[in-house]
Amino acid sequence: NLIQFSELIQCANKGKRATYYYMDYGCYCGKGGSGTPVDDLDRCCKTHDDCYGQAEKKGCFPFLTLYNFICFPGGPTCDRGTTCQRFVCDCDIQAAFCFARSPYNNKNYNINISKRCK
């Protein structure tokens, strides 16, 4: 669920960067994705896309799955749930922590995908 993913991102980065900055970044952060990731942050998004692909192969619906998590001072943790809920939550938490530790390059926000993502 994108709302929960947004909350996880804010928990992991302690509110340092608004979630919308990640929605149109590089070749993979946002809808779809193709080509070679432009940097570490974009690689986080590709890994997240791949994780959602694995969730779908397991019969889960990652964009619709609601899950439980707790935001601790050290970052988010998945709480109880079904196999699909735990899998999708783990995908989102891994991405949120990856975003938090990866540098953000303003030059890779809202790039020309047709030119840079081949």
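Using N, Cα and C of the backbone, Cβ positions are placed for all residues, glycine too.
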Report the candidate from ASP39, ASP40, ASP49 that shares the Ca(2+) site with TYR28, GLY30, GLY32, as recorded in Swiss-Prot.
ASP49
From the candidates CYS11, CYS117, select the one that Swiss-Prot records as forming a disulfide bond with CYS71.
CYS11
Identify which of CYS29, CYS44, CYS45 is listed by Swiss-Prot as the disulfide partner of CYS98.
CYS44
Report, as a single number, how many Cβ atoms besides its own are within 10 Å of the Cβ of CYS11 (disulfide bond).
22
Taking the Cβ of each of the disulfide-bonded residues and counting other Cβ atoms inside 10 Å, which one has the highest number: CYS27, CYS51, CYS60?
CYS27
Around the recorded Ca(2+) site, report the further residues of that chain (criterion: Cβ within 8 Å of the mean position of the Cβ atoms of TYR28, GLY30, GLY32, ASP49; site residues excluded), sequence-ordered.
CYS27, CYS29, LYS31, GLY33, SER34, CYS45, LYS46
Around the Cβ of CYS45 (disulfide bond), how many other Cβ atoms lie within 10 Å? Please give the count over every shown protein chain.
23
I need the nearest neighbour of CYS29 (disulfide bond) among the recorded positions CYS11, ASP49, CYS89, CYS91, CYS117, using C-alpha distances.
ASP49
